[in-house]
Amino acid sequence: MGAVSRDDYIALCTELVEHDRCYYVLNQPTISDYSYDVKMRELQEIEVQHPEWKVSWSPTMYLGDRPSGQFPVVPHSSPMLSIANVYSLQELEEFFSRTEKLLGYSPGYSLELKIDGIAVAIRYEKRLFAQALSRGNGVKGEDITANVSTIRSLPMRLPQEAPEDLEVRGEVFLSYEAFEELNACQREQGKLEFANPRNAAGGTLKLLSSKEAAKRKLDLSVYGLITDQKKRSHFENLQLCSQWGFFVAGMPKQCRSRQEVVERIREIEEMRAALPMAIDGVVIKVDNIAHQDRLGLTSKHYRWAIAYKYAPERAETILEDIVVQVGKTGILTPVAELAPVFLSGSRVSRASLYNQDEIEKKDIRIGDSVYVEKGGEVIPKIVGINLAKRSLESEPWKMPSLCPVCHEPVVKEKVSVRCINPLCSGGMLEKICFFASKSALNIDHLGEKVVTKLFEVGLISSCSDIFALTEEDLKQVPGFKDRSIQNLLASIAGAKKVALDRLLTALSIPFVGSSGAIALADHFVTLDKVIEASLDELMSIEGIGPKVAASIVAFFSKHENREEIRRMQELGVQVLSKQSDKEAPLQGKVFVLTGTLQQMTRTQAEERIRSLGGKVSSSVSKSTYAVIAGSEAGGKLKKAQDLGLSIWNESELLRILDAKSVS
């Protein structure tokens with residue numbers, strides 16, 4: 001690691017915070033586990049060398065997996081920590097040596113599959129399924145009982161030989177077969193496909209409808225047992241779990257020596273491709289429970305366990321073409337078109353090439369036989385070339401000098417190539433898709449396929465055009481039926497009230513992601529103040545460096561960008577300013593939504609409640625301030641009535657939200 005400045009340190013913290021959010025909250029990883037671990041180790045080294053730089057929000061202070069706010073947070077019975085990773089046999093040997101030194105002798109080990117899923121804790125009371133929690137921050141987790149209860153392999157009642165009260169911990173996952181079925185359904189409905197089974201499992205656990213979750217065929221593999229009746233070994237605990245009706249994947253094995261562990265690691269790696277679910281390694285645990293207790297834990301990891309991570313799965317296929325896409329900020333990105341190949345449980349036909357420099361560095365050419373890997377990335381990447389199969393007639397690939405969409409000259413930047421034509425339809429289409437996406441305004445029923453169709457028929461050519469759409473416009477579009485038209489218009493109407501940080505994210509300001517948008521909203525409070533902010537004001541915000549500040553100033557200095565915002569406001573868009581505690585009339589009040597809302601989506605209702613300081617829970621309790629009952633409200637409404645809670649209809653909620661007062 002070379003010399004670093006405090007700005008470099010802040011930038012690395014900011015980057016890792018965003019990766020954490022994408023991985024743990026959105027379940028949309030942006031880098032591979034290995035790359036993340038390398039960056040995290042670099043951050044830890046910097047903080048050791050410069051402790052005076054350390055900020056309170058550093059990713060090294062947390063385990064990740066922040067609560068989404070959609071589910072109540074509940075304390076764990078005991079810490080639910082992550083397991084440290086190793087990527088080589090040498091690192092594994094260091095774990096063995098460290099463990100044996102602490103114990104004073106060589107213990108036995110148990111070894112099990114490391115399923116690539118979502119960790120959960122499941123409690124049983126009087127042998128009946130009672131509650132399920134996500135890992136959360138390791139101390140508290142979100143209550144995901146409703147969605148976990150849809151898992152068919154999870155026993156709702158335990159046999160008499162099981163303890164009355166116990167907790168199991170396990171991994172929720174989707175089999176390859178269930179994952180393919182789910183993505184087929186997504187395609188049929190015109191929705192985006194999930195990148196991998198883990199993303200799909202994580203997204204399913206965060207669904208607000210357990211009925212929808214039940215359709216997705218989640219599965220659960222148990223890897224731990226907590227009970228007052230402690231057994232001698234972890235392996236015995238897993239055997240008991242299996243006897244009580246839990247699924248325990250992958251034939252856990254007791255190993256008496258280091259060599260047995262290594263042999264088992266190699267055996268599983270050989271059979272990995274034939275497994276019905278995705279795994280990314282194996283977990284090695286000290287088998288004796290008393291030994292585990294002696295070894296204890298750190299603030300983040302168990303000392304008695306380690307995860308040996310396999311290299312990402314790799315396949316060889318033909319690079320048939322390289323196509324260039326124009327992104328939402330005008331950056332040209334080359335994408336490899338591949339002969340379809342099956343990899344990590346899904347069919348792969350495209351791979352990321354990043355930029356011209358990356359292509360030149362690897363000397364990637366059309367027609368090459370290439371090696372493709374799929375880690376946690378949205379699309380796979382090319383990691384090597386089989387030069388023995390390269391044609392003598394192949395030629396190096398060059399980035400076009402003209403934009404492939406608008407055919408205007410492009411500009412070469414330090415790393416990227418950018419189309420600077422503000423009217424380029426390619427960049428604008430990507431910008432509109434992002435504007436409506438879950439990561440930005442989250443407009444239901446306005447996915448990528450719908451945006452593309454509306455763009456192609458000329459109904460929208462800018463983000464503000466979305467808010468000008470009418471029923472008459474949509475009736476002209478082939479395939480649009482009355483119900484889908486009404487659903488889309490209702491979603492658009494609901495999106496007209498938008499939190500400041502959401503809008504700043506949606507505008508696609510170069511170098512400003514969601515964390516930067518939140519920082520801007522927290523500091524400036526109103527959109528007007530952000531627009532008029534000077535370079536010095538922007539650079540005074542922690543995490544906003546010179547490059548980002550200059551980009552923000554440049555963005556808002558352009559007439560077309562200010563005009564776009566003005567038009568949105570003319571079409572009814574209201575930017576909800578960040579509320580201080582004193583200005584938050586719903587501060588500390590807990591709401592529960594049930595049934596179907598007519599004038600806005602549930603997500604939009606939740607965001608508006610939160611913008612005024614309120615909280616949204618998925619379950620009714622005595623601490624609930626009010627239950628918002630839409631049409632077809634179910635059991636939550638009945639429970640609220642039984643508890644004598646306040647029950648509001650949608651109109652009452654809108655009145656409170658619009659008045660910004662509960663009086």
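Every residue, even glycine, has its Cβ placed from backbone N, Cα and C.
Per Swiss-Prot, these features apply:
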type: BINDING; residues: Asp33, Tyr34, Ser35, Tyr36, Asp37, Ser82, Ile83, Glu112, Arg135, Glu171, Lys285, Lys309; note: NAD(+) binding site
type: ACT_SITE; residues: Lys114; note: active site, N6-AMP-lysine intermediate
type: BINDING; residues: Cys403, Cys406, Cys419, Cys424; note: Zn(2+) binding site
type: DOMAIN; residues: 581-663; note: domain 'BRCT'
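Features as recorded by Swiss-Prot, highlighted on the structure.
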| residue | record | contacts (Cβ under 8 Å, 6+ apart) |
| --- | --- | --- |
| Ser35 | NAD(+) binding site | none |
| Asp37 | NAD(+) binding site | Asn85, Tyr87 |
| Ile83 | NAD(+) binding site | Val283, His301, Tyr302, Ala305, Ile306, Ala307 |
| Lys114 | active site, N6-AMP-lysine intermediate | Ile279, Asp280, Gly281, Val282, Val283, Ala307, Tyr308, Lys309 |
| Lys285 | NAD(+) binding site | Tyr109, Ser110, Leu111, Glu112, His234, Gln292, Trp304, Ala305 |
| Cys403 | Zn(2+) binding site | Val326, Leu332, Pro409, Val410, Cys419, Asn421, Cys424, Gly426 |
| Cys406 | Zn(2+) binding site | Cys419, Asn421, Leu423, Cys424, Ser425, Gly426 |
Pairwise Cα distance maximum in Å, NAD(+)-binding residues per record: Asp33, Tyr34, Ser35, Tyr36, Asp37, Ser82, Ile83, Glu112, Arg135, Glu171, Lys285, Lys309: 25
The domain 'BRCT' (581-663) [mean pLDDT, rounded to integer]: 81
Which of Cys419, Cys424, all binding-site residues, has a Cβ with the fewest other Cβ atoms inside 10 Å: Cys424
Where Cys406 (Zn(2+) binding site) falls in three-state DSSP terms: coil
Collapsed DSSP category at Lys114 (active site, N6-AMP-lysine intermediate): strand
Most Cβ neighbours inside 10 Å, all chains, among the binding-site residues Asp33, Arg135: Arg135
DSSP three-state assignment (helix, strand or coil) for Asp33 (NAD(+) binding site): helix
Cβ-centroid neighbourhood (8 Å) of the Zn(2+) site, Cys403, Cys406, Cys419, Cys424 excluded: Val326, Gly330, Pro404, Val405, His407, Glu408, Val410, Ile420, Asn421, Ser425, Gly426, Gly427
Secondary structure composition of the domain 'BRCT' (581-663) [DSSP: H/G/I, E/B, coil]: 32 helix, 17 strand, 34 coil
